Amino acid sequence: MKLAVVSVVVILGVLVAWPVSAGRKDLPGAGGYGGDDDDDTKSLFPLDNLLSLNYYDRICPDFEKIVVTKVREWTKSDSSLGPALLRLIFHDCGVTGCDASVLLDYEGTERRSPASKTLRGFELIDDIKSEMEKSCPGKVSCADILTSASRAATVQLGGPYWPNVYGRRDSKHSYARDVEKVPSGRRDVTALLETFQSYGLNVLDLVVLSGAHTIGKASCGTIQSRLYNYNATSGSDPSIDAKYADYLQRRCRWASETVDLDPVTPAVFDNQYYINLQKHMGVLSTDQELVKDPRTAPLVKTFAEQSPQIFRQQFAVSMAKLVNVGVLTGEDRVGEIRKVCSKSNSRAY
């Protein structure tokens, strides 16, 4: 069964216990923003009971311990892997749902799409899967591993913890043509909202999950059109602060180079991203569009002015929604528990 937004009733008590309500009252508006008339927590808990917080308690009790240990080991030697894992889960969930289709690696898959060429973290997921197969063979899906690893990476970066439910199955198929569903760095807010709403997410989730750009880097190739000869003007995008545009031009002479998405606190999971947007220092055009659009600008302003903890709390809620988009469950014949994350079982040998 494909579920647009799946969860379990048992999580309700956990989420309600989060200190989110204190931050919610500071968010502008209600309808459409996740206020009293649009309670996100209610949409998280349909009565299907197909995923569970304790899914692996008996069949693989060390599941989360293995994930956290491996993420810590890998990010210790390469700190850029933390943001990379967050980006990887976004790209997985944003195509056909959180089904690990992005991990399949053969001709014609999402992973082989030109739009996926800068994705990273695959080797870490493979390492975790290899360890799982030693501890509890055939029990843990790659989709659940990626979901758990993205949270472990977020926490490792100083971000929030959120409760994950498990029991996802892995997709047997992956198609490069589907990658166009992932929001690109050049879409306007209307297009972004249409995409998010198709996932069962709302405008608050859009602004909050965009805040993941408080860490990580952007490929200069994705922003050079904003820096050089913008709209055939021979100059840069006028929506970028002039001094910041000059800085980016000096850092992005070659498409292969990278630049911090947050130039102020690039290694800290905080609300600086929103402060930067208020100062016209958004690296991606989609980031800066959030300040210009009246549907999103009030939220950007709120997260910029409130305590960073408000952003962290809401990020946890929005991530708990995102990682349950379009999952495959135990009743799905189209899903499986892969033996190797990069290959469907029919291709594993």
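Heads up, residue numbers simply count up from 1 along the chain you see.
Positions of Cβ are set from backbone N, Cα and C atoms, glycine also.
Swiss-Prot lists Cys60-Cys136 (among others) with the feature disulfide bond. Look at Cys136 (disulfide bond): DSSP puts it in coil.
If you look up Swiss-Prot, you'll see Arg87 marked as site 'Transition state stabilizer'. Arg87 (site 'Transition state stabilizer'): 19 other CB atoms within 10 A of its CB, across all protein chains.
Secondary structure at His91 (active site, proton acceptor), taken from DSSP and collapsed to helix, strand or coil, is helix. Taken from Swiss-Prot, the feature active site, proton acceptor applies to His91, supported by sequence analysis.
As annotated by Swiss-Prot, Ca(2+) 1 binding site applies to Asp92, Val95, Gly97, Asp99, Ser101, with the evidence given as sequence analysis. Neighbour count (other Cβ atoms within 10 Å of the Cβ, all protein chains): 22 for Gly97 (Ca(2+) 1 binding site).
Other Cβ atoms within 10 Å of the Cβ of Cys98 (disulfide bond) number 27 in total over all chains. The disulfide bond annotation in Swiss-Prot covers Cys93-Cys98 (among others) and rests on sequence analysis.
Look at Swiss-Prot and you will find Cys142-Cys341 (among others) tagged as disulfide bond. Classification of Cys142 (disulfide bond) by DSSP places it within a helix. Note: Cys142 (disulfide bond) has non-local neighbours Ala100, Leu103, Ile125, Lys129, Asp170, Arg338, Cys341, i.e. same-chain residues 6+ apart with C-beta under 8 A of its own C-beta.
If you look up Swiss-Prot, you'll see Pro183 marked as substrate binding site.
According to Swiss-Prot, the heme b binding site annotation covers His213. Cβ neighbour count for His213 (heme b binding site): 25 (other Cβ atoms within 10 Å of its Cβ, all protein chains included).
Marked as Ca(2+) 2 binding site by Swiss-Prot on the basis of sequence analysis: Thr214, Asp262, Thr265, Asp270. For the recorded site, Asp270 (Ca(2+) 2 binding site), the DSSP three-state label reads coil. Packing around Asp270 (Ca(2+) 2 binding site) is summarised by its Cβ count: 20 other Cβ atoms lie within 10 angstroms of its Cβ, all protein chains included.
For Cys220-Cys252 (among others), the entry in Swiss-Prot reads disulfide bond. For Cys252 (disulfide bond), the number of other Cβ atoms no farther than 10 Å from its own Cβ, over all displayed protein chains, is 23.
Secondary structure at Asn231 (N-linked glycosylation site), taken from DSSP and collapsed to helix, strand or coil, is helix. For Asn231 (N-linked glycosylation site), the Cβ neighbour count at a 10 Å cut-off comes to 10, with all displayed protein chains included. For Asn231, the entry in Swiss-Prot reads N-linked glycosylation site, with the evidence type sequence analysis.
If you measure from the Cα atom of Asp92 (Ca(2+) 1 binding site) to that of Cys220 (disulfide bond), you get 23 Å. Checked against Asp270 (Ca(2+) 2 binding site), the recorded positions His91, Val95, Gly97, Cys98, Cys136 differ in C-alpha distance, with His91 being the nearest. Other Cβ atoms within 10 Å of the Cβ of Ser101 (Ca(2+) 1 binding site) number 28 in total over all chains. Sequence-distant neighbours of Cys93 (disulfide bond) (same chain, six or more apart, CB under 8 Å from its CB) are Tyr199, Leu322, Val323, Val325, Gly326, listed in sequence order. Within 8 Å of the centroid defined by the CB atoms of Thr214, Asp262, Thr265, Asp270, the record's Ca(2+) 2 site, lie the Cβ atoms of Ile215, Val264, Pro266, Val268, Phe269, Asn271, Gln272, Tyr273, excluding the listed residues themselves.
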